[in-house]
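Engineer: Take a look at this one; I'll ask things after.
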Amino acid sequence: MSTTPVVNFITGNANKLREVKAILEPGITVQSKTVNLEEVQGTVEEVTLAKCRKAAEIIQGPVLVEDTCLCFKALNDLPGPYIKWFMESIGHQGLNNLLVAYEDKSADAVCTFAYSPGPGHEPILFQGRTRGKIVPPRGPADFGWDAIFEYDGQTYAEMDKTAKNNISHRGLALRKLQDWFAQQ
């Protein structure tokens with residue numbers, strides 16, 4: 001008889017926590033821990049691995065960390081892993097303004113999770129990617145850049161939460177994590 005895996009999801013973002021719990025539970029128990037982790041500069045993979053190693057040391061147990069990118073094709077994948085700071089600095093309209101001079105409004109939403117069973121264990125990466133485009137804000141503006149990322153005619157903000165979780169970058173990455181746990 002197997003036991004339900006437990007992970008300590010390291011986040012201070014209530015919206016992310018809700019999404020992760022909605023996707024993973026009841027198969028994987030998600031506990032929330034807020035730990036102030038310094039974000040290194042680098043690729044999304046480097047950032048996520050560094051955060052996971054540090055969190056595992058602090059928590060002294062199994063941890064799950066996440067890093068999200070929004071990659072504008074016209075800007076050679078910027079803002080990429082720096083989307084959080086771009087959002088805080090220039091908001092939805094500013095992000096749209098970055099693409100005014102370009103015909104190509106396509107973008108990839110990329111979510112990278114790292115899981116570690118604890119300190120001393122090398123983290124395992126799980127990545128999901130959704131191709132969409134950047135549009136003027138539509139829908140509630142209460143979750144990051146969801147209101148400007150359109151997939152198949154709807155922004156993430158306009159979508160029903162279950163529908164979004166089925167196709168989103170975060171949902172895709174978490175399904176890979178679920179598959180990995182099922183193999184253990």
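Placed from the backbone N, Cα and C atoms, the Cβ positions cover glycine too.
Okay, so Swiss-Prot annotates it like this:
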- 11-16, Lys51, 67-68, Lys84, 143-146, Lys164, 169-170: ITP binding site (BINDING)
- Glu39: Mg(2+) binding site (BINDING)
Engineer: Expressed to the nearest Å, what is the distance separating Thr11 (ITP binding site) and Glu39 (Mg(2+) binding site) at their Cα atoms?
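Structural biologist: So the alpha carbons of Thr11 (ITP binding site) and Glu39 (Mg(2+) binding site) sit roughly 13 Å from each other.
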Engineer: In the structure shown, which of the binding-site residues Glu39, Lys51, Lys84 has the fewest other Cβ atoms within 10 Å?
Structural biologist: Glu39
Engineer: Need this for a regression test: binding-site residues Ala14, Lys51, Lys84, Trp145, filtered to those with Cα within 10 Å of the residue listed as 'Mg(2+) binding site'. What's left?
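Structural biologist: Neighbours among binding-site residues, in sequence order: Lys51.
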Engineer: Output, ordered by sequence, the same-chain residues six or more apart from Trp145 (ITP binding site) with a CB under 8 Å from its CB, or 'none'.
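Structural biologist: Spatial neighbours, sequence-distant, of Trp145 (ITP binding site): Leu70, Ile83, Met87, His92, Leu95.
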Engineer: Which of the three DSSP-derived classes (helix, strand, coil) applies to Lys51 (ITP binding site)?
Structural biologist: helix
Engineer: According to DSSP, does Ala14 (ITP binding site) sit in a helix, a strand, or coil?
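Structural biologist: For Ala14 (ITP binding site) - judged by DSSP and reduced to three states - the answer is helix.
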Engineer: Ranking the binding-site residues Thr11, Ala14, His169 by other Cβ atoms within 10 Å, which is at the bottom?
Structural biologist: Ala14
